[in-house]
Amino acid sequence: VFFPFSLLQTFGGSDGEEEERPAWNSKLQYILAQVGFSVGLGNVWRFPYLCQKNGGGAYLVPYLILLILIGIPLFFLELAVGQRIRRGSIGVWNYISPRLGGIGFASCVVCFFVALYYNVIIGWSLFYFSQSFQQPLPWNECPLVKNKTNVEPECEKSSATTYYWYREALDISNSISEGGGLNWKMTLCLLAAWLMVCLAMIKGIQSSGKVMYFSSLFPYVVLICFLIRALLLKGSVDGIRHMFTPKLEIMLEAKVWREAATQVFFALGLGFGGVIAFSSYNKRNNNCHFDAVLVSFINFFTSVLATLVVFAVLGFKANILNSKCVALNTNKIVALLGNGIEANLIPHHINLTQVSQVSAEDYHQMTEIIRGVKEDDYEKLGLESCSIEEELNKAVQGTGLAFIAFTEAMTHFPASPFWSVMFFLMLVNLGLGSMFGTIEGILTPLIDTFKVRKEFLTVGCCVLAFSIGLLFVQRSGNYFVAMFDDYSATLPLLIVVILENVAIAWVYGIDKFFEDLKDMLGFTPFRFYYYMWKFITPILLLVLLGSSLIQLIMTPPSYSAWIQEEAKEQTLRFPPWGIFVCISLVVMAIMPVPVVFGLRYFNIIDENTSGLSTVSYKKGRIIKESARPGEDDDTSLIQGKSPSEAPSPILGAVAAAPSEEFPLCKSLHQSGGWPLKSSPVID
């Protein structure tokens, strides 16, 4: 009895690994981790923009259809393989097919690229959070030129919030080619963001899991508070009505379906490896199908809730701007009375001596009468239409929504510093929840494969990422964030997820996978998933990949630059070196897939030498396939021993070796001290 244990210790076997692998403290903690990873900044600032741009309420129809056809099946697939194989993305795809092991490495590369710029956005949110403890808010009005009484020209041409974002926060350069040196304020904020991530992740899910209780739940508290507050503001109903007025004709456009599919894809964090990493810490019999449906619909509910909040606030902002427009143009009419506009054209019930009392309806009535009489000369009068609908149609997304439009609306809130603090604290929490999943998608596969200390790898990864991240906090850093956001993830992740789907459905075999799911869950999943995984989802993904490639080819690589002298955005082409970087990002992210496939196909690297965990899988599989008739013959990769349950490859070699090479083994066997026939390795 003593000998195998001591031998196991001597040769460093992996039998004890099952107990050593961390596990979630509770199901709630795990669900919050998955929700925190999938619900991110995109739910707050990209989904509302797409909803407004692509038909309002009608956009929800293609989104829901594609969530069911693409999102839930692929989310379920990633949860299932992670939970059963109990490894990160590298170990999972090595286990399914060593030649496809590059899929896991590609996921890690994409996660690293995304983490580099995603944490910069958290840094921006931290900066605004730190500046929100002031009354009035620092972006409330335009600053004066130093030692003068006139307003900064750049601010006067744009707006106070726009000026603060581009000049005070980013101190942005005019183009990507003008580096301009480091922005020290944003450098410190980026350092703080990486320190937060490092401290939360350093102990693995034991530390990050506890943080999830706050980082995942707090954004919902803020969103609900914002919704209640926004609904009490004048004009909020106008925003919500505009949001959900369906434009059904737009649904027939292919672009709407492509953008809905892309949003579904990224909203759930598919292909990053974070979903697989989190589910690998689950119990074997956890109902991951229920988890997939639950998290997917929580994500959808969050997007709709955030959209309601955004458009209630934007409706309020549109009414404020419309009131200013009415007052400004009414003053123009007063100035033009008797000098281009006759006094008898003004309805009697409108009192122009009190301009502040003139309503939007009164103004529109005046302009309609003036337009009817002065039809030919109306344009020369310079009167604006002052329409709430026009204000709401000015679509803003991403940083423009969070750091310009929303901040401007909050300056008109009562107790605006409080709401600003809450809003940016919510953005920090949303960002951190996604960052934890992204970093876990890097750390878990590398730890499982190379057996390094979690603490050392976490610190090393964060230090490296911060060092590279200095690229994003120079004065031209915002342009690099846009570059990485557009080119480092979209195509590579699409290719990764297509390969994941094909690996399970066609390489491993959909029938065997269904048997594995039945064994793991205790019931057979709906037949719906069989046809989704085998045919429909891969076809839809290929169509999405093709349309994305066509869009990239048809649209030259460009970015929006802020021109200081003109105080407005301008679309510029990337310089030749910028185009090279864009292409390099895509190539570097995908390169591991063909490289690993080629190395293993041509036997340059033996399939058994991809790490201790993979050797364990291979040994376990070979022995199981040679089981004696009459015993439980289970040749399924996933349904057999999990990697952590697999026997030590070295013990397997000892047990299978001729007894002459190990005389002690022979004597123990002959004396009955080591019953080889009952060894799990031999069985």
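Please read every residue number as a count from 1 along the shown chain.
Cβ atoms are placed via backbone N, Cα and C, with glycine included.
Annotations in TrEMBL come from automatic prediction, not curation.
Long-range Cβ contacts of Asn299 (Na(+) binding site) within its own chain (separation 6+, distance under 8 Å): Val35, Ser38, Val39, Asn43, Ala267, Leu268. Among the features that TrEMBL reports, Na(+) binding site is placed at Gly36, Val39, Asn43, Asn299, Leu430, Ser434.
Marked as transmembrane segment by TrEMBL: 60-81 (among others).
Residues 41, 88-94, 169, 185-186, 189-190, 192-194, 196-197, 271-274, 399, 402-403, 407, 420-421, 424-425, 427-428, 431-432, 434-435, 438-439, 441-442, 445-446, 461, 465, 468-469, 472-473, 477, 480-481, 484-485, 488-489, 492-493, 495-496, 499-500, 503, 585, 588-597 of the same chain, all 6+ positions outside the transmembrane segment (102-129), place their C-beta atoms under 8 angstroms from a C-beta of that stretch. Under the heading transmembrane segment, TrEMBL lists 102-129 (among others).
Long-range Cβ contacts of the transmembrane segment (182-202) within its own chain (Cβ-Cβ under 8 Å, at least 6 residues beyond either end) map to 119-120, 122-124, 126-127, 130, 169-171, 208, 211, 432, 435-436, 439-440, 443, 454-455, 458-459, 462, 465-466, 469-470, 472-475, 477. What TrEMBL lists as transmembrane segment is 182-202 (among others).
Below 8 angstroms of C-beta separation, residues 29, 32-33, 35-36, 39, 200, 302, 305-306, 308-309, 312-313, 316, 413, 419, 422-423, 425-426, 429-430, 432-433, 436 of the same chain, each at least six residues beyond the ends of the transmembrane segment (211-232), sit close to that stretch. What TrEMBL records for 211-232 (among others) is transmembrane segment.
Away from its own ends, the transmembrane segment (260-281) comes close to residues 21-24, 30, 33-34, 37-38, 40, 42-43, 46-47, 50, 54, 59, 62-63, 66-67, 70-71, 74-75, 78-83, 85-89, 92, 104, 107-108, 110-111, 114, 205, 288, 291, 295-296, 299, 303, 434, 437-438, 440-445, 489-490, 493-494, 496-497, 500, 540, 544, 548 of its chain (Cβ-Cβ under 8 Å, at least six residues beyond either end). The annotation transmembrane segment is assigned in TrEMBL to 260-281 (among others).
Annotation comment: TrEMBL describes 293-314 (among others) as transmembrane segment. Within its own chain, the transmembrane segment (293-314) has Cβ neighbours under 8 Å at 31, 34-35, 38-39, 43-45, 47-48, 51-52, 60, 63-64, 67, 71-72, 75-76, 219-220, 223-224, 226-227, 230-231, 233, 236-237, 239-240, 242-243, 267-268, 392, 401, 405-406, 409-410, counting only residues six or more beyond its boundaries.
Annotated transmembrane segment per TrEMBL: 418-443 (among others), in sequence order.
Annotation source TrEMBL lists transmembrane segment at 455-473 (among others).
The transmembrane segment feature in TrEMBL is assigned to 493-510 (among others). Remote same-chain partners of the transmembrane segment (493-510), defined as residues 6 or more beyond its termini with a Cβ less than 8 Å from a stretch Cβ, comprise 74, 77-78, 81, 93, 96-97, 100, 103, 106-107, 110, 265-266, 270-272, 530, 533-534, 537-538, 541-542, 544-545, 548, 590, 593, 637-638.
Summarising the annotation, TrEMBL assigns transmembrane segment to 531-554 (among others).
The transmembrane segment annotation in TrEMBL covers 574-597 (among others).
Look at TrEMBL and you will find 628-649 tagged as region 'Disordered'.
Cβ packing within 10 Å was compared across the binding-site residues Asn43, Ser434, and the lowest neighbour count falls to Asn43. With all protein chains in the displayed structure included, the most crowded Cβ environment within 10 Å among the binding-site residues Val39, Leu430 is that of Leu430. When Cβ-Cβ distances below 8 Å are used as the criterion, the transmembrane segment (60-81) is approached by residues 51, 92, 96, 251, 256-257, 260-261, 263-265, 267-268, 270, 275-276, 279, 288-289, 291-293, 295-296, 300, 304, 497, 500-501, 504, 516-517, 520, 525, 529, 532-533, 536-537, 540-541, 638 of the same chain, each at least six residues removed from its ends. Within the chain, the transmembrane segment (455-473) has long-range Cβ neighbours (under 8 A, six or more residues past its boundaries) at 112, 115-117, 119-120, 123, 182-183, 186-187, 189-191, 194-195, 197-198, 201-203, 439, 442-443, 446-447, 480-481. Long-range neighbours of the transmembrane segment (574-597) within the same chain, counting only residues 6 or more positions beyond its ends whose Cβ lies under 8 Å from a Cβ of the stretch, are 99-103, 105-106, 109-110, 113, 176-177, 483-484, 486-489, 491-492, 495-496, 499, 557-559.
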